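> Quick one: this structure, given as structure tokens, is what I'll be asking you about.
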């Protein structure tokens, strides 16, 4: 079965189909004459009885003698009732057609099908994809969702990413430097005063946060419902806490925020972070990790210990530049040595380290930018696990805007930026993942900077022209390869890469198809350095698994799918090899895992026990 699909706008009505055609319509009307519910019983000899429950989000206008007559109000109610009935019938028609097409293995154009149904039932717009997906019978969902799922890359890496934002707050280094970074938009003192620091309030995540009044519980529940409505599996959730320097906020707010993230998954109302974590561990929707954005000067020992208690497994550190002069001139408020120190401490605690880098900052230039990235990837003092590449943008209200306006700063041309991005991508080692290229800031707010919304695609195309391979993890993930290139692995083998980073011995294990350059799963193992300070790690010679990830479309925690790669044993094989290396080569007596709260049961099956914030196992 093939379905050509496109996202289309539609009427804003909730429709829930329990299964799926003669039609019997029952309409419930309240005392004011407003339609409160529409029940449609669809009887078909083959499909059985199907019930479609449709109810408008907004009730019809009540009768009001001051602005309408009784007959006029009833006419409006009747129109709304018929509109909702027709909408439900259109949804039913679409679902039935999809099922028939699947059963007969025929192809169809999904957009044309929606348009045809909208015309047939005289709808003002095409039905929403969320309503169609929610109306598919449960036994057909696994069969049809792969064809209907919107933006499949959102869960192609095997997890459902939920980005949330903390409340607006001032940048912590203002007291020391007298102001924010010269390129930084947003924050309470900016032109975008209701936004968080470094954001404009018009990014998708910002707008969801503002609608939820920055309430973490509402942000989480709303986003999960949205992704589920688009056909994604939400069994495994990874949080990204955005919105300035979260760790600079007062402890009571941080505890409240993290507690509500866990409670939003479990449904329990907790009184402490510890209680929230315990219930989250048993939740049906598993929290497989939390990522927190921070700065090098807010990634010290107390901050790291606090983040471990929250269930955080990955840290995103704003670095922007490794040049001391650039950091000083852009008013960063920290040194480059603080960057390498934060990397060292974080990795010895087991965290994955992702960095934000900004090419095209003032007083750099192309050659200096390229040299800086060579240093960043090859110098053991840095060597991040992940990268977010954010070319500099000029935005109104920033110090950089004034420099640009007076001619003292000029961005790279679009061609130069594509060339630079391609060059950086070609440098990325196979153990580093490029999570993102360019900010989510809407182009109308950008005075100068990136002119293309698809910079990653343009850079990859340029690399193909130059015959440069791209070895970053995201490009090689099996889920991405299946979606973007329609290729699957054949001959899978275990590959090992060793390197030194931040004073420790790193081993990167992966299952790959080398011929097709497809990555299925990976594991990061570290022999901790002498800087390690947590007793769980220092009490005896120890090694720590900083990441275990099997890629491909997400599979439910208790489910199996032979067509996908999760839950096929790759994770356990990687853990067995990591244990062997730790015992025989590192000489470790214990191996620890920095585990997401919701994945602790997985490690218990392999003999691991809760050890402080970690899962650990003796190697005697």
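Cβ coordinates come from backbone N, Cα and C, glycine included.
Pulled the feature table from TrEMBL, pasting it below:
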- 54-77: region 'Disordered' (REGION)
- 62-77: compositional bias 'Low complexity' (COMPBIAS)
- 171, 181, 184: [4Fe-4S] cluster binding site (BINDING)
- 461-620: domain 'N-acetyltransferase' (DOMAIN)
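Burial and contacts for the listed features, if you can.
Secondary structure at residue 184 ([4Fe-4S] cluster binding site), taken from DSSP and collapsed to helix, strand or coil, is coil. Take the CB of residue 184 ([4Fe-4S] cluster binding site) and look out to 10 A: across all protein chains shown you find 23 other CB atoms.
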> Starting from the [4Fe-4S] cluster site formed by 171, 181, 184, give every other residue of that chain whose CB sits within 8 Å of the mean position of their CB atoms, in sequence order.
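Apart from the listed residues, the neighbours are 173, 179, 180, 182, 183, 187, 197, 198, 331.
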> Summarise the model confidence on the domain 'N-acetyltransferase' (461-620) as a single mean pLDDT, whole number.
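So the average pLDDT across the domain 'N-acetyltransferase' (461-620) works out to 90.
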> Long-range neighbours only, meaning 6 or more apart in sequence with Cβ under 8 Å: which ones does residue 181 ([4Fe-4S] cluster binding site) have?
171, 320, 330, 331, 332, 333
> What count of other C-beta atoms do you get within 10 angstroms of the C-beta of residue 171 ([4Fe-4S] cluster binding site), across all chains shown?
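Around residue 171 ([4Fe-4S] cluster binding site), other Cβ atoms within 10 Å: 23.
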